[in-house]
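Look at TrEMBL and you will find 26-47, 72-97, 127-149, 164-184 tagged as transmembrane segment. The domain 'Fatty acid hydroxylase' annotation in TrEMBL covers 173-295.
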Amino acid sequence: QDTAARAYSCWFSQGEKLWDALRISAYVYSTGLLMFTALVNSVSWFMQKITLGNFWQTAWLEFYNHMEGDEWAIFLFGAALVPALAFWGFNGILLVADITGKPTFITRYRIQLGKNDPVDRKKLWKAIYTALGNQFFVSFPMLVPMFYIMKSWGNTFSEELPTFQWFLVELSIFTVIEEILFYYTHRLAHHPVLYKYIHKKHHEWTAPIGVVSIYAHPIEHIVSNTLPVMTGPMIMGSHIVSISAWFSIALVTTSISHCGYHLPFLPSPEFHDFHHLKFNQCYGVLGVLDYLHGTDRVFRQTKAFERHKVLLGLTPLSESIPEAPKKAE
């Protein structure tokens with residue numbers, strides 16, 4: 001009876017934990033989607049009033065005709081060039097702050113105070129070369145099989161764009177798939193054997209910067225960085241415009257999570273920054289699977305967890321929620 005009672009108690013505890021995780025996930029998704037929907041619908045309405053027509057559909061058809069319907073060229077432009085420009089455009093701004101320590105509007109929001117101030121130039125160039133190598137020699141070649149998979153669906157290069165509501169559905173599915181695949185492949189990469197030969201490279205940066213988001217061993221870049229992002233669109237047979245938007249969002253958000261700055265009005269990078277600091281906590285993206293598996297317990301007891309929220313003001317959270325003073329020895 002005692003064994004059965006303990007088993008029931010354990011099962012009930014896991015059930016409560018699962019329900020809490022689902023509730024948190026639903027809150028995060030619904031809040032994000034509502035804000036994103038309101039923003040994009042407002043922009044779309046404004047643009048339609050200016051052009052007296054369907055702005056996005058018209059723009060897409062003009063681009064499609066300009067490319068003469070060349071599907072391979074359209075795919076490369078949407079799945080490779082646009083996301084790469086988004087990645088390097090965003091990280092270019094951050095690199096100026098990392099190298100020069102200016103503008104202070106960015107650097108005053110540094111998470112790990114005193115780190116990368118300024119960044120080690122030799123270490124930085126190594127990270128940039130590796131990131132470029134992963135993009136040109138790993139990510140871009142992986143687009144070739146993806147192209148043929150997408151062609152087999154038949155609607156990836158359709159002249160009619162998907163509705164915005166459908167794009168939101170796809171975005172939710174992409175995010176769930178990425179969370180599952182990234183969490184488990186990332187946690188597997190921390191196995192001592194794999195960590196030593198593969199994942200250790202990424203963790204050379206205990207205080208990461210944005211470009212470090214794709215600073216990784218090529219095998220890790222394939223399994224943990226690229227496949228989790230590519231899988232959703234391949235399963236859904238998504239339109240190239242949806243793919244381009246998703247790839248760009250994924251690259252910018254992972255740059256934010258690695259950037260080392262908790263900037264106002266952007267998603268909090270505290271979760272993944274703590275992973276680089278402690279190594280054995282916070283393996284996922286959203287944190288739902290970490291909560292279920294208990295791999296965020298230490299994080300939840302820290303000041304970093306208190307700071308893990310969107311900063312809606314201009315006062316750095318490192319000032320409003322500072323670390324507790326160290327006890328004198």
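Cβ coordinates come from backbone N, Cα and C, glycine included.
Small disclaimer: the values here were computed from a predicted structure and weren't measured.
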For the transmembrane segment (72-97), sequence-distant contacts whose Cβ falls under 8 Å of one of its Cβ atoms, 6 or more beyond its ends: 63-64, 103, 106-107, 124, 135, 139-140, 143, 146-147, 150, 156-157, 209-211, 214, 240-241, 243-244, 247-248, 250-252, 255, 259, 261
Within-chain partners of the transmembrane segment (127-149) [C-beta distance under 8 Å, separation at least 6 from its ends]: 71-72, 75-76, 79-80, 84, 201, 205, 209, 211-212, 214-216, 218, 221-222, 225-226, 230, 234
Number of helical, extended and coil residues in the domain 'Fatty acid hydroxylase' (173-295), per DSSP: 87 helix, 1 strand, 35 coil
Taken over the domain 'Fatty acid hydroxylase' (173-295), the model's mean pLDDT: 96
